[in-house]
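Engineer: Before I ask anything, let me first share the structure, which is written out below as structure tokens.
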Amino acid sequence: MALLWFRKGLRLHDNPSLEAACHGSRNVYPVFVLDPWFLAPDPSAPSPGSARVGINRIQFLLESLQDLDRNLSSRGSKLLLVHGNPIQWRIRKLCFEFDTEPYALDRDAKIKEHAKDKGIELHCSVSHTIFNPDLLIAKNGGKAPLTFQSFCKNLVPATKPIGNGPSSIPPTGDLHGIKVVPVPTLEELGYTDFHEDFSPFRGGETVGLTRLEDSLANEKWVCEFEKPKGDPTAFIKPATTVLSPYLKFGCLSSRLFYSRVKEVYSRAKSFTSPPVSLEAQLLWREFFYTAAYATANFDKMVGNPTCKQIPWKDDDELLSAWRDGRTGYPWIDAAMTQLRKWGWMHHLARHAVACFLTRGDMFVYWEKGRDVFDRLLIDADWSINNGNWLWLSASAFFNQYHRIYSPITFAKKYDRQGNYIKHFLPVIKGKWK
Ligand code: FAD
């Protein structure tokens, strides 16, 4: 019997752990563990539910689990959602995806030790990223890449997606007393902060794959994609793909996304190049994953060898004004409201608010802003979020400390009629001139 342990990688397509679990097994247990570490409430947190995960991301996760269960059922299996620690079960083979985050590395080291003691066959596949980060680091002389350019110079071959997964999955068979629970509701997990204008982005592999196809259908758009061009205030139809939450949870394979973009390029006469192209956006993701994996204390200022030591302010008044959209700058407040309501905002809106909190205006610790993003974003991703906060606060990677976004004129360029601001801050409606 094989245990397939889903953590990220909530999909059937391009899933090497699923293939390994099915290979030669009479029974496969596809398991997702509701980890108390992520779900633990914090009474001092600004809103109910888990201190680590906001309502939009948890909703996205629950939808992704429901979709995974439906997809597994269509192939003769089902998702086993359990509380607690599955390492005590009697299994012969354990399959899961390699995860570079410190919490996961620590957990998986224990799991590997346990599997070795018990003689359990282990399959740990690299499938969350396009490249194997160990190979990238080896190619970079054993060090973290510090610039995007040096990262791109030292690329290894991209791994290809492996298809849609087996057409039928061995049944779970006898559960040997394992207590399986249904996918919980938000209320059952302690969330009560429901609001109108909830995130429009629904979770799951099915929606992720459809969104990928829709995004790539306009091949001209793909070939002309150029960031930072694009309107950060477009919200009815965002200017970028909004595939980040699907990549974060692995509902969509980054390798599939990458190979599909390359296919579009192969049919085109010309297309944009890194660092601004759509392909490059995925390379930025790989860059931050690799840098984060190879840097000690990547999520901290102190003890992080790549991070400038800056005497930031520890001012909770300023921090909460920023977090709650009360700075008095409509563009900053509207963007932070979009973050709270939708769990997503455009890359340049993230730039603007992160710059405002740190070197641009408030001079508050970047780690504090990172924590707010980490709780509220549906795509919150340890490596990418920390990497971008280091960048935006000019603490690492980018050192042009005085290149600041104006909290007034920057958004005016795009949002001439104030549609974005009026949508997310309706209180402004009557005052718009
Ligand atoms: P698209 O432009 O369509 O790009 C496609 C994919 O490329 C994205 O889904 C994402 O996976 C990747 N990508 C794009 N831009 C970046 C980038 N700068 N760095 C790394 N990968 C990138 N992105 C996250 O996924 N999770 C985070 O927690 C996160 N935190 C951020 C914090 C700050 C302060 C800033 C400035 C940016 C952050 N980003 C984060 C990066 C970026 O803003 C989002 O990935 C992007 O806006 C997601 O929208 P999209 O899927 O439409 O992107």
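Keep in mind that glycine also has a Cβ here, set from the backbone N, Cα and C atoms.
Pulled these features from TrEMBL for this protein:
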BINDING   240-244, 281-288, 379-381  FAD binding site
DOMAIN    1-130  domain 'Photolyase/cryptochrome alpha/beta'
SITE      W312  site 'Electron transfer via tryptophanyl radical'
SITE      W366  site 'Electron transfer via tryptophanyl radical'
SITE      W389  site 'Electron transfer via tryptophanyl radical'
Engineer: Take the domain 'Photolyase/cryptochrome alpha/beta' (1-130) and count its residues per DSSP category (helix H/G/I, strand E/B, coil), listing them in that order.
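Structural biologist: Counting residues by DSSP class gives 50 helix, 28 strand, 52 coil.
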Engineer: Measure the Cβ-based neighbour count of T240 (FAD binding site), defined as the other Cβ atoms within 10 Å of its Cβ.
Structural biologist: 19
Engineer: Mind running the recorded positions L282, E286, W312, W366, W389 against ligand 1 and keeping the ones whose CB falls under 6 Å of it?
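Structural biologist: Within range of ligand 1: L282, W389.
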Engineer: Once the chains shown are all counted, how many other Cβ atoms turn up within 10 Å of the Cβ of L282 (FAD binding site)?
Structural biologist: 21
Engineer: Could you tell me the C-alpha distance between W366 (site 'Electron transfer via tryptophanyl radical') and E286 (FAD binding site) in angstrom, no decimals?
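Structural biologist: Distance between the two Cα atoms comes out at 22 Å.
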Engineer: At the Cα level, what's the spacing in Å between E286 (FAD binding site) and W312 (site 'Electron transfer via tryptophanyl radical'), rounded?
Structural biologist: 29
Engineer: Between W312 (site 'Electron transfer via tryptophanyl radical') and S244 (FAD binding site), how many Å separate their Cα atoms?
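Structural biologist: About 30 Å separates the two Cα atoms.
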Engineer: Just how many other Cβ atoms lie inside 10 Å of the Cβ on S244 (FAD binding site)?
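Structural biologist: If we count other Cβ atoms within 10 Å of S244 (FAD binding site), we arrive at 21.
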Engineer: Using a 10 angstroms cut-off on Cβ to Cβ distances, just flag whichever of V242, A380 is the loneliest among these binding-site residues.
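Structural biologist: Result for the binding-site residues V242, A380: minimum number of other Cβ atoms within 10 Å at V242.
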Engineer: Which residues does W284 (FAD binding site) neighbour through Cβ under 8 Å, counting only same-chain ones at least six apart?
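Structural biologist: Residues satisfying the criterion: F148, P275.
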Engineer: Tell me, by DSSP, whether S244 (FAD binding site) is helix, strand or coil?
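Structural biologist: Once the DSSP labels are grouped into three classes, S244 (FAD binding site) ends up as helix.
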Engineer: Minimum Cβ neighbour count within 10 Å among the recorded sites W312, W389: which residue?
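Structural biologist: Across W312, W389, these recorded sites, the one with fewest Cβ atoms within 10 Å is W312.
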Engineer: Would you mind reading off the Cα separation of F288 (FAD binding site) from W389 (site 'Electron transfer via tryptophanyl radical'), to the nearest angstrom?
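Structural biologist: Counting only the Cα atoms, the answer is 11 Å.
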